[in-house]
Amino acid sequence: MAATTANPEMTSDVPSLGPAIASGNSGPGIQGGGAIVQRAIKRRPGLDFDDDGEGNSKFLRCDDDQMSNDKERFARSDDEQSSADKERLARENHSEIERRRRNKMTAYITELSDMVPTCSALARKPDKLTILRMAVSHMKSLRGTGNTSTDGSYKPSFLTDQELKHLILEAADGFLFIVSCETGRVVYVSDSVTPVLNQPQSEWFGSTLYDQVHPDDVDKLREQLSTSENALTGRILDLKTGTVKKEGQQSSMRMCMGSRRSFICRMRCGSSSVDPVSVNRLSFVRNRCRNGLGSVKDGEPHFVVVHCTGYIKAWPPAGVSLPDDDPEAGQGSKFCLVAIGRLQVTSSPNCTDMSNVCQPTEFISRHNIEGIFTFVDHRCVATVGYQPQELLGKNIVEFCHPEDQQLLRDSFQQVVKLKGQVLSVMFRFRSKNQEWLWMRTSSFTFQNPYSDEIEYIICTNTNVKNSSQEPRPTLSNTIQRPQLGPTANLPLEMGSGQLAPRQQQQQTELDMVPGRDGLASYNHSQVVQPVTTTGPEHSKPLEKSDGLFAQDRDPRFSEIYHNINADQSKGISSSTVPATQQLFSQGNTFPPTPRPAENFRNSGLAPPVTIVQPSASAGQMLAQISRHSNPTQGATPTWTPTTRSGFSAQQVATQATAKTRTSQFGVGSFQTPSSFSSMSLPGAPTASPGAAAYPSLTNRGSNFAPETGQTAGQFQTRTAEGVGVWPQWQGQQPHHRSSSSEQHVQQPPAQQPGQPEVFQEMLSMLGDQSNSYNNEEFPDLTMFPPFSE
């Protein structure tokens, strides 16, 4: 029962064991059951503590695994450490290897750059790519393949090698030679050595270059031909860059293969005759102007200075083999110097061109604002004879002609105002041998760019050749005085269509006037031109109290027009006559019209211009003109010869009062010779200071008759009693009146038809002098009109 009771428990506890127990035998089953029970009892704790048992076993396994893992980890860490060390060492070794490789490559690149001349000539060290590129170019140039194609199909377009060689030698003005660097033996020399050194080619072949140069230049030549690195000591002059380089790595570059050579040496000059036909023109000139080193003694060789320029090349060239009989055939690859020798003709002391050198004709000087020399060019010695120290500190005006000193001062003042613009002036400069030289000075100022102040004046002084034939220039602000021809006395109102008949009429009238050559030599720029006035101011006198040409304003106009005596101040205002109207046409008659409130006096007029004195007096001129113009009139009023004092500049100013009159009266007063007779109105008697008054002429139609008692100085000057007087002079009129003066009323006479016109050229010369003006009142009018007007 116990077994049976135990079995359910066992089956309940262990379901998997139930079928096994039920299927067992009885006998053995009891024993087995007891055994099973015992095993079951033994297993129960085991089953109760299954986890523990399993845990214990697991713990044991974990311990074993942990130990093994630790061992494995330790072993693995050792392996990893060893591998990391190996990798690190490998990386370090690789970096070291790369660094060594880079250092080697840099060293080779540096050495290559030292061997290539174009790399060393650069201002700074080039990069590696540039060094390699230049090295390739240099190697191509050494092999002679720099300008040829790789397939060898390149050929010159139209020149052969010989033609190209001759052109190069002629352009280089020298001869080509090739010498061995080791021995100095001449390998080749061109035929152009004959006109250069007067030596045939045969004298150079078979000899050495040391035999052809001066003995003192042998050592220098040996240094230039040497290719060893230690041959050159000291400093090197790089002719391409113009810099002096110290001894060092650059020396190896200069002495290696392919480096450039340029040196000067003295070479032997032969005595062979040169045929000018067989050589070119430059060679013939070279033969005559060879650069000798002084006089040559008999029996001594003659040396000349030769400039040699070339390169060190490999010999023999690539692809060329020397013949077996050549002494240098078995020595392997050698070097040679390929160079061109040229004469130093420009420094020849005995050249014939030196005697024909033109002396300098200009020098540059610097002055302060006052004109004192602060710098003088050395060419002043050949130009004016002075040393620079003789001119420094002195004023340029001191060396100027007295007549040109003011002109030079004005030019310096003007150039200061121009501020940088060039001003030229010509003056006479006293040279050291006390001769006057015409100098043209072009000057301009230099301004400080910061302070804008004038620092100094720079002058270029040029000695002018044939100065007597050149006109003397003036400043830009100097008044020009051209000498005009017979058209100078045309009034401004004259139209262009009236010019031809006007000139013909004036030429006819001037042919019968004595001394007419003097009338055409006056300057029209000094004549007062008529002024066009409009509005109510046309009838107002000017309020200026000082005449335009008064003596205190411009002394040049103090001497003015003697021997012209008429009321020519009564010109026509330009506003009253159109430009196309014929002036002073013959045959015009003017009706008699009274002229109220006007004072007309017989006066000698002195217009403010300078004119050459005619040979005859004005009275004789008037008499001859009147006799020629109307010989039928016979009434003769006599002029009383009197002595009259000369007028002053203030009396000239009395002519400037503006009195208004109509055009017909202005023109009519010049239509007949009687208008030049003495006339007066009540209240305005004629007066002549210190002399008797003119007798009145009652016959207005009479003409002037010739007088035999008149002298040349009879009517030289008269009092300037013109149309009116200035307002401040009106109160002084009683002082100038004469007690014996008579009053007459002038009646304008009617002109006879066909009566010729006289004194038109005088009227047109004077223009309208009834108004005095200046540039301040009429700013748009020029006081001195140009010749074209």
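Glycine is no exception: its Cβ is also placed from the backbone N, Cα and C atoms.
Checking the candidates LYS58, LYS71, LYS86, LYS544 against Swiss-Prot, the annotation SUMO2 cross-link falls on LYS58.
Per Swiss-Prot, the stretch carrying the note region 'DNA-binding' among 88-128, 293-333, 580-620, 621-661 is 88-128. Scan Swiss-Prot for phosphoserine across SER77, SER153, SER476 and the hit is SER77. Under the three-state DSSP scheme, SER77 (phosphoserine) falls in the helix class. Note: SER77 (phosphoserine) has no non-local neighbours, i.e. no same-chain residues 6+ apart with C-beta under 8 A of its own C-beta. Using DSSP to sort the residues of the region 'DNA-binding' (88-128) gives these counts of helix, strand and coil: 33 helix, 0 strand, 8 coil. Looking at the region 'Required for heterodimer formation with EPAS1' (112-264) alone, the prediction's average pLDDT is 75.
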